[in-house]
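Inspection log for the structure reproduced underneath, given as structure tokens.
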């Protein structure tokens, strides 16, 4: 059993070796074919170039002498032969180099296979790590070879064109920011100046108002002029209004409050309005009664009902009969006259009513009717 197993293992190893050798041979054959194809292409390209060169020389040498053209053709042929020989030698050298490289690759592959067979008994982790490192190293070496094989191509446009000069112009964004900062600074300065001017004007107005309130507005204005301060028309107007307020306060005893504009309010009219307000809203005293109020209260129409209605309409309070007895002789005479007048008015009203409603007159004409009214 042990011998059979050993023989089977050896047979498998020989089969794997044969397969790998066959693969290696096929790869070498492909590489050779590829290199031969490249060589043929290069030969064709060189031959095409030579044919073109010959055609150009034939065209250029038509008008020249035959002796010169023959000597040149001989020289050209000798040169072309030398070039072909040198190219063939370089191709042979390249082929020999490629063969040596292929041999080295085959040797390295066989060595790798032997190493893999030996390291199968070791741990899987080590085996994986080594295989990864080998694959990475192979890929890196291939990349290096490709880089070496590729010639460096320098772009003529980049080499010929000079580098652009550095920017020496103005930056518009920075200029705009600087201009904005300058404008803001100017606006701040102007605002500060205006605030200072307003404060100075207010101080001058306060000084003028205080001077006018003391009573000598003209003298104070003269003092301001003497001191050297500029007296504006506003200050002069404020001084005049302060003088008027002081005069109204001395006459009426009513001062204009500070929340009113002194230039827009007349102090005399304001004092009159305040007096009227006090008269309206103050409480009435019991003893104070005017003559007209007494006359309307004592008015008598000759009929008690009419007297009561009239007093209710006028808002007069009813008085006692005892108070009515104590009346002066003059007032009694006036009351009698009022009663007679009201009686005559009632009679005339009734006569006019009878004429208008019944359309009948007293007598034949207008005079008789008027006499009848008089007799009544």
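Each residue, glycine too, has its Cβ placed from N, Cα and C.
When Swiss-Prot is compared with the stretches 171-214, 215-258, the one noted as coiled coil is 171-214. If you draw a 10 Å sphere around the CB of residue 317 (SUMO2 cross-link), it holds 7 other CB atoms from the protein chains shown. If you take every residue in the coiled coil (171-214) and average the pLDDT, you get 84.
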